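S.K.: Have a look at this one.
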Amino acid sequence: MLPPMALPSVSWMLLSCLMLLSQVQGEEPQRELPSARIRCPKGSKAYGSHCYALFLSPKSWTDADLACQKRPSGNLVSVLSGAEGSFVSSLVKSIGNSYSYVWIGLHDPTQGTEPNGEGWEWSSSDVMNYFAWERNPSTISSPGHCASLSRSTAFLRWKDYNCNVRLPYVCKFTD
């Protein structure tokens, strides 16, 4: 039998081992974010702790990101998981539009100078741990340096695109 003082430390050690084991086995942490407990402005939808809105008035990538930054903690959407990607896809598809591409917050400020496409980053500065490229831009002879969601992939996959083209866009923000 363990002395009373050892019980909390053993419990903590067991919990730490279980958490480490789930990471080592490659088990994805929670697939779906908890249901939203935030209120979002009209025309936007909640997912996790953020609001998301699709804007159909086309803008260049830079102008779209600047428009998103006018909202609290806003940027063009960063897609950080497959579950979030599915949510954004359903948001874009729920509002009928004739566009083939929609801006997201991924861009390559190095304009392809980093090897193997490593210059890509989210405008929100979120860490890139999830990738959903339609085709890896480092394998394309003349890639664009901004990313869009592509209708041909049901708005689930990313495609590099010319940053100056005017497209609809998705903002992610808090409210």
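Keep in mind that glycine also has a Cβ here, set from the backbone N, Cα and C atoms.
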S.K.: Of the residues Cys40, Cys51, Cys68, which one does Swiss-Prot pair with Cys171 through a disulfide?
M.R.: Cys68
S.K.: Would you list, in sequence order, the disulfide-bonded residues among Cys40, Cys51, Cys68, Cys146, Cys163, Cys171 whose CA lies within 10 Å of the CA of His107 (Zn(2+) binding site)?
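M.R.: Close disulfide-bonded residues: Cys146, Cys163.
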S.K.: Relative to the Cα of Cys171 (disulfide bond), which of the binding-site residues His50, Glu121, His145 has the closest Cα?
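M.R.: Closest recorded candidate to Cys171 (disulfide bond) by Cα: His50.
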S.K.: Which residues, sitting 6 or more apart from Cys51 (disulfide bond) on the same chain, put a CB under 8 Å from its CB?
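M.R.: Set apart from Cys51 (disulfide bond) by at least 6 residues yet with Cβ under 8 Å, we have Ile38, Cys40, Pro41, Ser44, Lys45, Arg71, Lys172, Phe173, Thr174, Asp175.
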